[in-house]
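Engineer: Structure below; questions to follow.
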Amino acid sequence: MAPTSSLQPRFFSSFLGDRLVHTARPLRHPFLCNPGTPNQKIQVSRTFCNLADLLFNKRLAAQVLEQAGTLVKAGTTTDEIDKAVHQMIIDNGAYPSPLGYGGFPKSVCTSVNECICHGIPDSRPLEDGDIINIDVTVYLNGYHGDTSATFLCGDVDDEAKKLVQVTRESLNKAISICGPGVKYSKIGKTIHDHADKFKFGVVRQFVGHGVGRVFHADPVILHCRNNEPGHMLLGQTFTIEPMLTMGSTNCVIWSDNWTAVTVDGSLSAQFEHTILITENGAEILTQC
């Protein structure tokens with residue numbers, strides 16, 4: 001792992017120390033979605049025209065995620081990854097958005113193998129052949145930056161590698177069709193069409209979301225085919241974060257009220273970026 005001092009640029013303008021950042025309290029498990037229910041309709045988002053200057057152009061979330069990925073190896077625990085992520089964020093004058101959000105107990109989500117999302121870091125060592133999604137969100141200068149990626153641990157079998165590759169491709173293809181006036185529903189169709197080519201499932205229950213001054217806001221971004229209304233707006237910021245599976249797309253949430261796993265134990269992979277809708281399409285804000 002590179003020392004945290006190598007993370008550039010460093011920020012000190014809104015250092016929060018141990019003070020907990022309180023975002024809008026979710027009405028339910030954050031962004032567990034049942035498409036078609038009235039309270040989950042996609043609505044017009046706020047716009048955050050100065051986001052790029054204030055936070056995302058600095059790419060802090062992406063830098064932290066990149067460094068966290070270097071820790072993925074057999075024998076490393078997800079608790080160790082959590083502690084490293086927490087320190088990197090704090091050392092750069094920011095705060096880990098997940099910590100305390102809706103009662104989440106850690107600074108990062110670590111979802112291993114059959115875990116779809118929201119895995120809580122613990123003392124189990126990673127094993128050779130595992131895949132792990134690391135989901136990083138940082139809060140800085142009044143804004144949240146949200147990104148995730150799935151990493152390979154050691155010698156991963158070809159089928160799992162393909163799942164990870166196709167999930168990454170699905171995200172990139174979805175981003176490529178975004179722009180002012182484009183229907184939100186086109187994102188889900190693009191992802192679902194690509195996943196179908198490789199016979200992977202698309203998780204419906206968890207969705208992308210508007211992000212900015214509030215961690216989770218409108219619009220709700222479905223990753224599956226859908227007929228939800230709404231069009232993208234110039235200056236809008238939201239996440240796209242497809243979750244693909246080898247088997248069932250249905251999930252079970254553990255008694256911790258966070259960890260979501262595939263009902264059949266099949267592998268799941270996820271990638272996520274925060275994007276900004278621009279005149280020419282979409283800019284990825286959470287990349288180095």
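Here the Cβ of each residue, glycine as well, is placed from N, Cα and C on the backbone.
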Engineer: Among ASP146, ASP155, ASP157, ASP158, which residue does TrEMBL name as a further divalent metal cation 2 binder in the site formed by HIS209, GLU241, GLU272?
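Structural biologist: Among the candidates, TrEMBL records only ASP146 at this divalent metal cation 2 site.
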Engineer: Which residue of ASP135, ASP264 does TrEMBL report at the same divalent metal cation 1 site as ASP146, GLU272?
Structural biologist: ASP135
Engineer: Starting from the Cα of HIS216 (substrate binding site), work out which of the binding-site residues (ASP135, HIS209, GLU241, GLU272) are within 10 Å.
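Structural biologist: So the list reads HIS209.
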Engineer: Which residues in the same chain, at least 6 apart in sequence, have a Cβ under 8 Å from the Cβ of ASP146 (divalent metal cation 1 binding site)?
Structural biologist: ALA61, SER97, ASP135, VAL136, THR137, VAL211, PHE215, THR239, GLU272, THR274, THR286
Engineer: To the nearest whole angstrom, state the Cα distance for the pair HIS118 (substrate binding site) and HIS209 (divalent metal cation 2 binding site).
Structural biologist: 15
Engineer: Select one residue from HIS118, HIS209, HIS216: among these binding-site residues, choose the one with the most other Cβ atoms within 10 Å of its Cβ.
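Structural biologist: Buried the deepest by this measure is HIS118.
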